[in-house]
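What TrEMBL records for this protein:
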SITE      ARG13  site 'Transition state stabilizer'
SITE      LYS20  site 'Transition state stabilizer'
SITE      ARG152  site 'Positions MEP for the nucleophilic attack'
SITE      LYS208  site 'Positions MEP for the nucleophilic attack'
Amino acid sequence: MYLLIPAAGSGKRMGANCNKLLLKVHSQSIIAWTLLAAEAASQIRWIGIISQPSEWHDFKAIVAGLAMTKPVEFIPGGTTRQESVYNGLQALPSEAKEVLIHDGARCLATPELFNACAIAILNCPGLIAAVPVKDTIKVVGESGIIESTPKREKLWAAQTPQGFNVQLLKQCHAEGVRQGWEVTDDAALFEKCGIQVRIVPGEETNLKVTTPQDLAIAELILSLR
Ligand code: C5P
């Protein structure tokens, strides 16, 4: 299975003055933990890291230090996650029929989750790892007044890995560019194009490291493993 890792964000919400994926959790950077999980997932055979060329020097040094056995390619990032994934899709080897996309910031996803997604995507056009939400979710208007309360039983928190048929995902991204759709994950493009995306059970610990608090939680979770 081919794996694309969007890793070209700026880390603004982390308040860091560098890409947050270069920050350390215990002994390793966030991106290193993500790569170690991908390396340990037997179903993954090729990894594309999408990041800003100005940071390739740092990313390449990290990859060299991990002694990866799988091929790792570097792909230039875009100004949004959507653009970064678009670039990644263009860089996939032509024989790639399915692809997993996994945010570099989700450094706690296990090899088992990668493998489960890699196997499941062979039998459907699109999937995402997701967990049922625990909170009651409110839709809130600009004035700060609640507009509605969706039924919690129907609400799931989207994670990555997300898996897709490559040809369909390329078509959905192209349609997204034509229509000017702005989305925060790739499943949303499938949904907008009317293509079914199924849920694979995600992991409660598979958090996206976004804020300094998330870094502390990630440290705790890794120390318990
Ligand atoms: O900013 P956020 O945490 O939502 O980004 C999700 C993932 O997308 C991160 O791994 C980040 O590095 C990546 N990203 C990207 N290109 C961008 C913005 C974000 O690859 N322009």
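The backbone N, Cα and C atoms fix where each Cβ goes, glycine too.
Just so you know, TrEMBL annotations never went through curation; they're auto-generated.
Here ARG13 (site 'Transition state stabilizer') comes close to THR210, THR211: these same-chain residues lie at least six apart in sequence, with C-beta atoms under 8 angstroms from its C-beta. Working note on the recorded sites LYS20, ARG152, LYS208: by count of other C-beta atoms within 10 Å of each C-beta, LYS20 ranks first. According to its DSSP assignment, ARG13 (site 'Transition state stabilizer') is coil. Classification of LYS208 (site 'Positions MEP for the nucleophilic attack') by DSSP places it in coil, neither helical nor stranded. With respect to their backbone Cα atoms, LYS20 (site 'Transition state stabilizer') and LYS208 (site 'Positions MEP for the nucleophilic attack') stand 11 Å from each other. On a Cα basis, LYS208 (site 'Positions MEP for the nucleophilic attack') lies 21 Å away from ARG152 (site 'Positions MEP for the nucleophilic attack'). DSSP assigns LYS20 (site 'Transition state stabilizer') to a helix.
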